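Since the structure comes first, as structure tokens, the remarks are kept for the end.
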Amino acid sequence: MFKKILATTALAVGLAGAAFADDKTKVGFVYVGPINDGGWTQGHDHGRQELEKHFGDKVETVFVENVPEGPDAERIMTQMALTGTDIIFATSFGFMDPTINVAAKFPDVKFEHATGYKQADNVSVYSARFYEGRAIQGTIAGRMTKSNIVGYIGSVPIPEVVRGINSAYIHAKKVNPDVEFKVIWIYEWMNPAKEADAAKALLEQGADVILQHTDSTAPLAAAKEAGAIGFGQASDMYDFAPNPRVSSIIDDWAPYYIERTQAVMDGTWSSTNTWGGIASGMVGIGEITDAVPADVKAEALAMKDAIVAGTYHPFTGPLNKQDGTPWLAEGEVADDGALAGMSFYVEGLTGEIPQ
Amino acid sequence: MDLGSISLVAFFASLMVASTPILLAALGEMVTERAGVLNLGVEGMMIIGAICGFAIAIESGSAAAGFLGAAAGGALLSMLFAILTQFLYATQVPSGLALTLVGVGLASLIGQPYVGESPPLMGKLHIPVFESIPFFGPVMFQHDPIVYLSLILAVLVGVFLKYTRGGLILRAVGENHDAAHALGYKVRLVRVMAIGFGGAMAGLGGAYISLIRVPQWTDGITGGIGWIALAIVVFASWKPERVVFGAYLFGGLTALQLNLQAANIPLLFVLPYLVMLAGVIYFVIAVAVGSWKKTLDVKPTLKTFAQFIGVGLVLLLIGIATNYASSLDLLMLSSAPFVATIVVLVVISARSKGASNGPAMLGKIFQAH
């Protein structure tokens with residue numbers, strides 16, 4: 001009985017929501033972490049706030065944080081779709097199949113899935129070329145390390161993360177042939193205690209530069225204690241500047257969210273595949289602090305300019321795969337398809353990618 | 001592979017740090033359960049302790065004050081559980097689960113203003129003389145005060161339960177609350193105090209994560225450690241010395257796994273030998289203690305020894321058969337809490353047939369009449 005009342009109420013609220021939605025565009029966001037993680041989810045939520053600022057009364061945004069990658073995500077997106085949401089941004093790789101499933105049930109609702117590769121008529125995918133930022137980080141890391149050991153905290157072994165490790169390694173190696181990467185996978189996007197432990201294990205084994213593909217600031221706190229350096233991930237993490245945070249990769253989703261919401265308003269929305277980089281502003285490079293020597297900073301910025309100008313691609317041959325087989329010939333540039341599905345290390349990296 | 005890059009001193013030192021929050025929370029939960037109360041809200045009380053400790057440390061500028069606040073916060077939250085189960089006679093399992101939900105949500109709310117702040121750090125307490133012992137000095141005697149406190153508390157809890165009148169009453173309440181009541185003991189009061197102690201200890205464990213191990217505040221900072229503490233209490237058959245062992249085993253595995261990854265060595269490459277080594281150590285100690293006390297019973301000792309060796313051999317075979325696939329490391333790391341919980345359930349159900357080691361009144365509601 002109680003359940004029935006609940007369901008009726010929910011339906012009524014849903015209908016009311018749908019009625020109101022006529023003049024307002026309702027935008028939903030599904031987050032994998034908390035909005036104050038200081039990293040990935042905070043970046044997306046910043047985009048959501050900018051969206052509200054841009055459109056004012058014309059939009060209404062809703063979000064759900066800490067959504068597990070699985071059936072729960074499906075339930076929450078269904079709920080959003082039922083309550084009159086016009087466009088839903090699902091902001092984690094693991095929401096891919098749930099998004100596709102829910103989208104099939106609601107053909108009139110638009111879905112946008114971040115960092116995935118499955119599209120449908122009402123599902124777009126979008127991601128950022130973080131590997132461009134990783135190339136710059138790798139350059140700084142290669143120049144800055146004194147022990148020649150760079151620690152890398154990997155999150156979940158998917159192509160996006162592997163691409164980042166490869167890009168950072170290639171460019172660290174380029175400026176410092178003796179550099180060695182130690183990688184720890186924690187199999188989660190955010191777990192501060194585990195990230196701290198991983199950072200400490202890397203520091204204990206001689207790393208003096210820590211790169212992270214996880215979302216909390218715990219590795220920076222560990223680096224600070226050990227006198228090592230690190231980089232902001234996804235958000236600027238400027239609280240840790242100028243040391244240990246010497247630079248950062250910042251995700252700026254706001255322009256994309258504004259553009260796509262506008263398309264929904266205009267009725268021009270169509271399923272697309274967007275992969276923006278530094279040039280389009282989706283990937284930002286946080287201020288390189290004075291803890292980095294001027295010549296290294298200049299070198300890093302020159303690379304950034306070359307990437308923006310399109311004269312340099314971080315994955316340019318000659319490059320071999322880890323087992324020594326040739327991948328890219330001299331001067332050859334990796335195409336987006338190869339990058340999107342990257343599941344191998346480049347030559348020189350040790351260890352294997354967990355499958 | 002690069003075994004040499006693992007510094008044993010650093011490894012064992014980090015093992016102690018990784019184990020401390022589990023140990024604190026598990027000790028508290030053990031006392032609660034020995035009084036016959038099953039509080040599944042450890043994770044919630046830990047995270048409340050984590051944020052209370054963090055907030056108070058920042059506001060007061062003192063990490064020690066933070067830890068006191070954490071214990072108070074954890075105990076306060078546990079009183080909610082005490083009211084529900086001891087005065088309103090709510091069933092303990094769902095009440096405990098609800099306590100975790102409340103704790104996690106409340107911590108997130110309290111924590112909003114504290115994101116990105118750095119807490120005052122607690123200095124290390126080097127124990128004079130002992131700290132200069134080679135190897136053992138840096139491993140055991142150069143830690144923060146809470147590491148020592150957790151071990152001292154383990155001893156105190158053990159002594160309290162075994163040798164004091166208060167401990168006897170607490171155990172009596174846990175074993176047969178009707179008899180204890182008939183003897184004039186205040187069953188409800190004892191249980192409320194045990195629940196409060198469990199909450200305070202969980203709070204301390206949580207604050208250890210937010211003030212020392214990480215140290216900062218983010219949502220979900222305890223990351224499932226409360227559940228592991230719960231599992232360890234059952235594994236340890238509600239005995240303090242075994243709780244210490246279990247907490248250090250789990251903390252050790254976590255630290256080992258990360259160190260091995262960084263050194264690029266598969267976990268299965270060393271784990272079988274470690275298990276067998278543990279078997280040998282167990283055997284030697286059991287024989288030594290047994291012959292000293294003249295209580296040596298060879299058969300069960302040999303059986304346990306054989307079990308260790310057997311598990312080690314099975315792990316070795318799995319490693320060889322799968323060519324040390326990294327996916328198995330993944331499985332072990334990410335599924336550890338779940339596997340632990342399942343095994344605990346199996347152990348409990350297996351024991352319920354024969355003589356159970358758990359407190360007889362565990363989870364049962366007491367109503368005075």
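Cβ atoms are placed via backbone N, Cα and C, with glycine included.
The transmembrane segment feature in TrEMBL is assigned to B:6-25 (among others).
Counting same-chain residues at least six beyond the ends of the transmembrane segment (B:37-58), those with a Cβ under 8 angstroms from any Cβ of the stretch are 21, 25, 28-29, 65-74, 76-78, 81, 85, 92-93, 95-104, 106-107, 110-111, 114, 117, 119-120, 191, 194-195, 198-199, 202-207, 209-211, 216-217, 220-222, 224-227, 229-230, 362-363. Summarising the annotation, TrEMBL assigns transmembrane segment to B:37-58 (among others).
What TrEMBL records for B:64-84 (among others) is transmembrane segment.
Feature annotation from TrEMBL assigns transmembrane segment to B:96-115 (among others).
Here TrEMBL flags B:146-163 (among others) as transmembrane segment.
Among the features that TrEMBL reports, transmembrane segment is placed at B:189-211 (among others).
Here TrEMBL flags B:217-236 (among others) as transmembrane segment.
Taken from TrEMBL, the feature transmembrane segment covers B:243-263 (among others).
Per TrEMBL, transmembrane segment is recorded for B:269-292 (among others).
For the transmembrane segment (B:304-324), the list of distant contacts is 266, 268-269, 271-276, 278-280, 282-283, 286: same-chain residues at least six beyond its ends, Cβ to Cβ under 8 Å. According to TrEMBL, the feature transmembrane segment maps to B:304-324 (among others).
Here TrEMBL flags B:330-348 (among others) as transmembrane segment.
Counting only same-chain residues 6+ beyond the ends of the transmembrane segment (B:146-163), those with a CB under 8 A from a CB of the stretch are 16-17, 20, 23-24, 27, 30-31, 34, 67, 122, 125, 127, 170-171, 201, 204, 208, 212, 240-241, 243-244. Within the same chain, residues 38-48, 50-52, 54-55, 58, 77-78, 80-81, 217-220, 226 sit at least 6 positions outside the transmembrane segment (B:96-115) and bring their C-beta atoms closer than 8 Å to a C-beta of that stretch.
Among the stretches B:6-25, B:64-84, B:217-236, B:243-263, the one making the largest number of Cβ pairs under 8 Å with the transmembrane segment (B:189-211) is B:64-84.
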